[in-house]
Amino acid sequence: MFVYLGRRLNLLFITLLILCIASYTLAFLFPGDPLTNLSGNPTTSDDQTQQLRMMYALDNGYIAGFWQYLKLTLSGEWGQSLTSQNPIFSDICQFLPASLELSLYAMAVSLLIGIPLGIVAGLNHRRYTDMGILSVSLIGFSMPVFWLALLLILVFALQWGGLPMSGRVSLIYDIPHQTGFMLVDILRADIANKQQVLMDALHHLFLPTLALSIVTSSLVIRLTRRSVINVMGSDYIKAAYAKGLSRTQVFWHHGMKNALLPIMPQLAMQFTVLLTNAMIVEVIFSWPGIGEWMIQAIYQRDFPAIRGGMLAVSALVVIVTISVDLLIRMIYPLSKKQLHAQV
Amino acid sequence: MPLLDIKNLTLEIDTPLGWVKALDKINLSIDSREVRALVGESGSGKSLVVKSIVGALSDRWKVTADRMNWKGQDLLSMSDSQRRSITRSEISVVLQNPATSLDPSATLREQIEESIADSQLSKGWFWQRRQQRREISAQQLHKVGIRDHDLCLGSYPHEVAEDISQKFALAMALVSNPKLLIADNPTMGMEPTTKVQVLRLLAKLNKTRELSILFVSHDLLAISAMADTMTVLYCGQTVESGKMGQLKRRPLHPYTKALLDSAPSFRRDLPPKAALSSLDGTIPTLQHLPIGCRLGPRCPRAQKECVKMPDVRRIHDHHYACHFPLHRDKI
């Protein structure tokens, strides 16, 4: 176990290092002055330039420069945004939780919908229930998320009018920023009519979460269904029937665990897909998350912000993937069989 | 009355070429305290017979039988829960490939304790019952020859060796004190000493606990040492069945003779370095089953009539299905 933990942490460390190298290189590959790209400070005076060059150790070669960059990155000095002149790190800390919140809820919803439906479909393999669920999931799977989001806005926000179209919470409420997770912030905030604000935030959450979770839950359905079918056809399920256990006993004691555990990594992988989709959805719903923020940065050629956003999002994805890996390793005995990576 | 009585068991499998009869009118009966051997080469449907008895088949396959009685009750027409309670308490089975028939994500302890019925426990409180379950499973493991029961019970199936999991499967089958044990190749892949040990255990249980055994194997030596009666299968059809000694001494079906001849240890007259006898060809696949007697294309005595399925004929306890049995004169 500790060997495995070491290997995974090693992988995490190396991947993050490579990400840092990539983001440092970007500063030189982007058009414009590398110093401006790194610091985000379009300096005018020679004095200031000199000071910044010292700070980023630009004159001491790439290696020393990178070392300096690494130190600055770890201490939270990610430079400033070119357009707003805000520190990038604090911007990310503000916007990333919004995206995370949206993705987490969407993930939870898709697992809650996808796994039971997938199990039902898998248990009724080749019956009408299975075919029905499968075709619905195929439809959900093949709809592009941006189009779906627009469609949802059209139906629920414009025609029906019951749900808000954009933002995280109505503008009339002022929620102080604490954790960045809106629902948590509301619960912790010291405001009147908390209930009402909470309902409003949930209303705002509804459409983006729906748009995201339709695609993901159809993927989850397909994964779960396939795994359930495989497991229910296996020898040990037959052996369990031969022991004289009932269908429900067989499924809950032997089927469920074996069907769900092996697909956990694949399910976790959906989170990264989800995060990508979340960025698109954020733009459409004007959700103040990292996706919106990064796309704004791209529009405005705010290179320091692009660099920082890329680093933050990819680091998040890597950390999530590796922690899920470790988690599965701890709870799924069969995975201990393979210490080393498999082809 | 026989313990298990099966008449004309037919199993149909849905293939792209339509429904295929993987088992065609199998007859099998097991008396109490009897050890019956079920013999046939690989692919003759032995395991399918086992699985249809315990109901561990895919839902999409059709099982029909004129009669499939357990102590006079029809297994096929009874309700699921009735059948389950019979398979739970009276019939136990060791499936082929025990390593894959164990749940990979549960420890062996969980799996064997699941097989212990509540009725076997005498004590009241749940911690006492748990303790008792542990004791029973440890005892059972000792019986089949696993000494370090704690190590074995704490392991997951992929962590134990093939022969240990084979013994474990046997222990798990025996733990519920069944009336009938169906053992599908229980000694496969074991080393000779453990094999002898396991066979001796089965023989002892047969004598002391009046356990009936359906012994499925192609190990003719083990079978002839243990079994009282034998049923020979070929390609999903019962070819011949009868008392072990009689069958060995004087087989009536050409296939039985070929099968016995193919085992060198049964032939005292075999000169050194002589060619071993075998039937030409191989067992047909499910897609290319011949009509009538399925041995037809390979049978040395086949004639035109063999395209019709021969009726089962009987001389005392000895049943055979052949148009031209060996005790008739040269054709």
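In case you wondered, yes, glycine gets a Cβ from its N, Cα and C as well.
Automated prediction, rather than curation, is the source of TrEMBL annotations.
Record features, source TrEMBL:
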DOMAIN    A:96-328  domain 'ABC transmembrane type-1'
TRANSMEM  A:104-124  transmembrane segment
TRANSMEM  A:136-160  transmembrane segment
TRANSMEM  A:205-224  transmembrane segment
TRANSMEM  A:267-290  transmembrane segment
TRANSMEM  A:310-328  transmembrane segment
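Counted over residue pairs 6 or more apart, the CB atoms of the transmembrane segment (A:136-160) and the transmembrane segment (A:267-290) come under 8 Å in at least three pairs, which marks the two as touching. Within the chain carrying the transmembrane segment (A:104-124), a Cβ under 8 angstroms from the stretch's Cβ atoms is held by residues 130, 133-134, 137, 205, 208-210, 212-213, 216-229, 232, 251, 256, 259-260, 267, 270-271, 274, 278, all 6 or more beyond its ends. Here the transmembrane segment (A:205-224) has long-range neighbours at 102-103, 105-107, 109-111, 113-115, 117-119, 121-122, 133-134, 136-141, 143, 145, 148-149, 152-153, 156-157, 163-165, 168, 182-183, 259-260, 263, 266-267, 270, 273-274, 277-278, 281-282, 284-285, 287, meaning same-chain residues at least 6 beyond its ends whose C-beta is under 8 angstroms from one of its own.
Under 8 Å from some Cβ of the transmembrane segment (A:310-328) lie the Cβ atoms of residues 4-5, 8, 11-12, 15-16, 19-20, 22-23, 26, 73, 78, 92, 96, 100, 261, 264-265, 268-269, 271-272, 275, 290, 294, 335, all in the same chain and six or more residues away from its ends.
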